[in-house]
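Q: Dropping the structure in here first, questions after.
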Amino acid sequence: MKIFTSKQIAEIDAFTIAHEPIASIDLMERAAEQLFSWIKKRYSEEQSFQIFVGPGNNGGDGLALARLLSKTKFKVEVYLVKVSKNLSVDCQVNLDRLRSQNLVSISEISTSHDFPVIFDDSVDVDALLGSGLSRPLDGLLKDLVLYLNTSKAELVAIDIPSGLFGEDNSLNNLHHCVRADYTLSFQFPKLSFLFPENVDCVGNWQVLPIGLHSRIIDEMESPYQLVDENDIKKRLKKRGRFSHKGIYGHGLLISGSYGKMGAAILASKAALRSGIGLLSTHIPRLGYDIMQTAVPESMVSIDRSDIIFTEYPDLESFEAIGIGPGIDTKQNSFRALEELFEECDKPLVLDADALNIMGQNPQLKDNLPKGCVLTPHVKEFERLVGSCSDSFDRNMKQRDFSKKQSVVMVLKGAFSAITDQNGRCYFNSTGNPGMATAGSGDVLTGIILSLLSQGYPSLDAALIGVYVHGLAGDMAADELGQEALIAGDLVEYLPKAWKKLRE
Ligand SMILES: NC(=O)C1=CN([C@@H]2O[C@H](COP(=O)(O)OP(=O)(O)OC[C@H]3O[C@@H](n4cnc5c(N)ncnc54)[C@H](OP(=O)(O)O)[C@@H]3O)[C@@H](O)[C@H]2O)[C@@H](O)CC1
Ligand SMILES: [K+]
């Protein structure tokens, strides 16, 4: 699913009105019907609602919703906030329609003395401001939002929590934005929903389709996409009946050091559970018995060092290389990594200590093999590019980095962001907080190495890898709970996750 800016959504909206064609007031009605049907499914019939309405079309949605609710057993009160003399045309039409029906009490809020009592068991609907927000909230609206945020009532935001911008909130004060339990966003999520600092404002968000015109949605360019299961399925290659292990590639995993052999085991198992034909794991000598016992399916290549990575085998026979999990960051490892960058013309995935070595030796950045995949978490990322003021800033820097260095980068976290050489950004939709556990990243490296070895292009390997990793995590958390989840469980659930993608 593409993600558009608020400005683009307004264009899509206008195109739909002109080309469906549909009157804007009817499009608003369609949006309100979607809100109404979400509410009907979620709340019991006697539920009371307090709807807070602003001057624009977001307020218009709230008024249309109030009318639909008033025709049922739901109890509704409307509060119209007087922040401007004029209402938008469709907001005014809906106010007139609601007034003429005379079923709902409509009060005006002109000062903070007009704020109503909010009962804990009521549901507040935030229809104050939507995607037309033009500046951070202040004055009466800010005070009202702060007041609503202190209440215990459930809070449902229409389209976007009031006060939150759809994209960049770096100059905003998030304490002055609505803190919703649910956000019901029309047709698309907003970019800001995918950034962790906004989660307390957005709550659980859902997308409600309102039938915006498919032609403009297809044609309009956006660098942002939220990746779903269908997008992933389309990128999967068929596995032929007459195939043999040679077809699925031979991967080299450079991993492990004294005290960190677990990383090599997890990454190796994950690679083997993700369709690779052959795997060789390059480890320091001390890890020999450990690897041969724990992962008999992998061949082993032994470093001359007993305890760290200092060299790598001839790359000729490998389709792809993965390096980083548990290799440590010693000087000898830096030299070996530097050499690898110079020599390697194979697909490559870099993680963990390989990224930390780069963080300590920034000149390595400019030698990165083109098209390689980097999989940092936030701290590793900032060691590479410097500190970032917030997630929006970080996202811009990630897109720039991918473009400038011509690499694919996976920034791990909730909604992991995958950026490509063209500066596009794909957000992953699987995964859960239970996966923030030791070794989880090693599993991802193994999966991506496996896919690169099978001949998937870097971007596909990153997108599919991150998706299936999150899916295995979701399946594991469903059965085991998030607290108990450990990285080994991700490997255990990979078969089920792959099976689901192949259904
Ligand atoms: N996507 C779709 O197709 C559909 C979208 N729909 C709905 O439309 C919504 C967007 O509507 P919208 O453009 O009228 O904007 P909205 O935010 O309601 O209000 C703008 C007004 O607020 C004012 N204002 C701005 N900032 C302010 C501030 N800080 N403090 C005070 N005032 C401030 C601003 O004034 P100005 O900036 O001009 O000074 C202007 O008067 C969208 O979120 C969705 O709910 C659906 O109806 C159907 C289909
Ligand atoms: K809103």
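A Cβ is built for glycine as well, from the same backbone N, Cα and C atoms used for every other residue.
Just so you know, TrEMBL annotations are computer predictions that nobody has curated.
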Q: Please pick, from N57, N58, N230, the residue that TrEMBL records in the K(+) site together with D126, S162.
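A: So the K(+) site in TrEMBL includes D126, S162 plus, from the candidates N57, N58, N230, N58.
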Q: Using only what TrEMBL says about AMP binding by K412, G413, A414, F415, S416, identify which of G434, G439, G441 is listed for that site too.
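A: Record source TrEMBL; matching candidate: G441.
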Q: Output: those binding-site residues from S131, S162, K412 whose CB lies less than 6 Å from an atom of ligand 2, in sequence order; none if no residue fits.
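A: Once distances to ligand 2 are taken from each Cβ, S162 fall under 6 Å.
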Q: Please identify, from the binding-site residues N57, N58, S131, S134, S416, the residue with the sparsest Cβ neighbourhood, meaning fewest other Cβ atoms within 10 angstroms.
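A: Candidates: the binding-site residues N57, N58, S131, S134, S416. Fewest Cβ atoms within 10 Å: S134.
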Q: In terms of Cα spacing, which of the binding-site residues K412, G413, F415, S416, G441 are within 10 angstroms of H377 ((6S)-NADPHX binding site)?
A: K412, G413, S416, G441
Q: Neighbour count, 10 Å Cβ-Cβ cut-off, for D159 ((6S)-NADPHX binding site): what number do you get?
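A: Total other Cβ atoms inside 10 Å, all chains included: 26.
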Q: At a 10 Å cut-off from the C-beta of D126 (K(+) binding site), count the other C-beta atoms across all protein chains.
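A: The answer is 30 other Cβ atoms.
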